[in-house]
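Inspection log for the structure reproduced underneath, given as structure tokens.
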Amino acid sequence: MSLLSVKNLSARFGAFTAFDGVDIELAKGSLTGLIGTNGAGKSTLFSAITGYITPSSGEVKFDGHDMLPLSIEKRVEKGLSRTFQVPREFSRLSVFQNLMAAPPNQAGESLAKLFITPGRVRRQEAELAERADSMLQFLNLARVADTPAGSLSGGQKKLLELGRLLMLEPSCIMLDEPFAGVNPVLVEELSQRIVELNQRGITLLIIEHDLASLSRLVPRLYAMDRGRIIAEGKPSEVLADPRVREAYMGGVI
Amino acid sequence: MEFYLIAISISVLIYMLMASGLSLQYGFTGLVNFGYVGFFAIGAYTSGLLSLQGVPLPVSFLAAMLLAGALAYPLGIITLRLGGDYLAIITLGFSETVRILLMKEDWLTRGVHGVPGLPRVFDDWAGVSSGDLTLLLLLLVVNIAVFALIAYLVRSPFGRIIASIRDNEVAVRALGKNPAAFKTRSLMLGSALAGLAGAFQAHYVTFIAPEQFVPLITFYVWIAIIVGGPNRILGIVVGTIILLTFLEGSRFMRDFVGGVSEVQLASVRFFIIGMALICTILYRPNGLFPDKFSKGK
Ligand SMILES: Nc1ncnc2c1ncn2[C@@H]1O[C@H](COP(=O)(O)OP(=O)(O)OP(=O)(O)O)[C@@H](O)[C@H]1O
Ligand SMILES: [Mg+2]
């Protein structure tokens, strides 16, 4: 059954077409990659699916709901989440507090509840702190828990952003270049984590330029070029596709 | 001398209340409110006019806070969806609109003549001399309570979200939280504090007039929190004291030097304030007391 279904989606900025007639289907619990040369429109496609830009035409359905009329926040509430190509950490908050900020429906976010039920707020904070701690372990960030997120390395920021999303417990995660700037050992480890998440039932769509790591990780790939999906299927098939090879100028893969 | 010390301390503490509210908005949430004095004016006039109708002061003070806070709501709703820059302009317009309404709506506010004869806070039972001292103590207690409130808020999940908004609003949306809702609440809380400060001011000076609520007051409060450091309580305290020391000091300077007109003095004041701001931004961009994560940036 399809969890995310994108049909004939197009986005234009004035005369410039960022992407055109894109169709993507993600089955519930699937793990899928999205590749494409620089400027192919991958990140912009993510932005259109998650509500940061308004597409000029087409359809985005998630879990049976029409997503296009919904705000970014409402889409996240439905379980559709994303990371950004350039990490957007809360720079002056500690790594730990970055994670604590994420979970939805915190009692302590309501001014009334802060004063009427402080006990409940404290209990919830303690629960969340435990989850944040194990997330820090999971992502190898425990050592920098109290560091301001702004002073993390580029790769650590990527990990933090992933961790922040996971604190939301979303049903679908779209990752924009999770391996960029992450060292090879950690890429392996991160791939392992992604598989574990997928085994827990989370649907993932991953943009990545590290084609080798990505094709080892995902069973299915989409390839994009100049705003269009040019191939889809098993990684080996997609990477062998002449159009894909041409888009990557022959030599690279 | 003793009277003078009490008087200046009262001014410091009234400004400190305002600085607390503005630092909640700017230092802790990142909201740029250039019309802060508008909420101070609303508080002063609300409590002042109500008290003349025989409303007891505790009630009129409460009304001042509630009205100032409530008026921030529509401003928040209109501007906070549009992003940061609009808020600065719209709030500045708001405070000037408030001042012009206070000048023009004679039937309610007596216009430019102002409203004299407001009741003082403790005179009824403490007498004029110890009344001021009692007021000073009350202001001290109120300020400490406000600091405690701010400290509790900024360490709470609510405080975490407003700090996140200050750092990266888009990422807050990516977490499924609506920044406008949080920003509106911070704006309302900070404005309510300005309203409370206004009520204290009105019943301390016993006279309110539109000319007391010019944009310059907004910028004084801004200077206090920028010099002190906008997201530390110590910064609020020290920044306010520095500001008032300077404002009072420049008055003395005129007596001391002699032959300086009020207009000339005002220009010198502006010059020094401008220099102080430039130096702060150049050498201590996060104020004298930056929060621990802003150091070295
Ligand atoms: N808001 C915008 N206004 C105008 N053009 C835009 C906008 N957003 C994206 N574009 C353009 O759309 C094109 C696709 O950009 P996008 O970021 O989606 O590429 P990408 O496939 O993610 O590339 P990369 O692999 O380099 O990240 C680019 O040419 C970009 O300049
Ligand atoms: Mg991209």
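Residue 1 is the first one shown; counting continues down the chain.
Backbone N, Cα and C atoms are what each Cβ position is placed from, and that goes for glycine too.
Automated prediction, rather than curation, is the source of TrEMBL annotations.
Pulled from TrEMBL, these are the features on record:
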type	residues	note
TRANSMEM	B:6-24	transmembrane segment
TRANSMEM	B:31-52	transmembrane segment
TRANSMEM	B:58-78	transmembrane segment
TRANSMEM	B:85-102	transmembrane segment
TRANSMEM	B:133-154	transmembrane segment
TRANSMEM	B:187-207	transmembrane segment
TRANSMEM	B:219-247	transmembrane segment
TRANSMEM	B:268-285	transmembrane segment
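Counted as Cβ pairs under 8 Å, contacts with the transmembrane segment (B:58-78) are highest for B:187-207 among B:31-52, B:85-102, B:187-207. Long-range Cβ contacts of the transmembrane segment (B:187-207) within its own chain (Cβ-Cβ under 8 Å, at least 6 residues beyond either end) map to 10, 14-15, 17-18, 20-22, 24-25, 29, 31, 33, 36-37, 39-48, 51, 57, 60-61, 64-73, 75-76, 80, 114-121, 135, 139, 142, 146, 153. Residues of the same chain lying 6 or more positions beyond the ends of the transmembrane segment (B:31-52) and with a Cβ under 8 Å from any Cβ of it are 18, 21-22, 25, 59-61, 63-65, 67-68, 71-72, 80, 84-85, 87-99, 102, 108-109, 115, 117-119, 183, 186-187, 190-192, 194-199, 201-203, 208, 210, 212-215, 217-218, 221-222.
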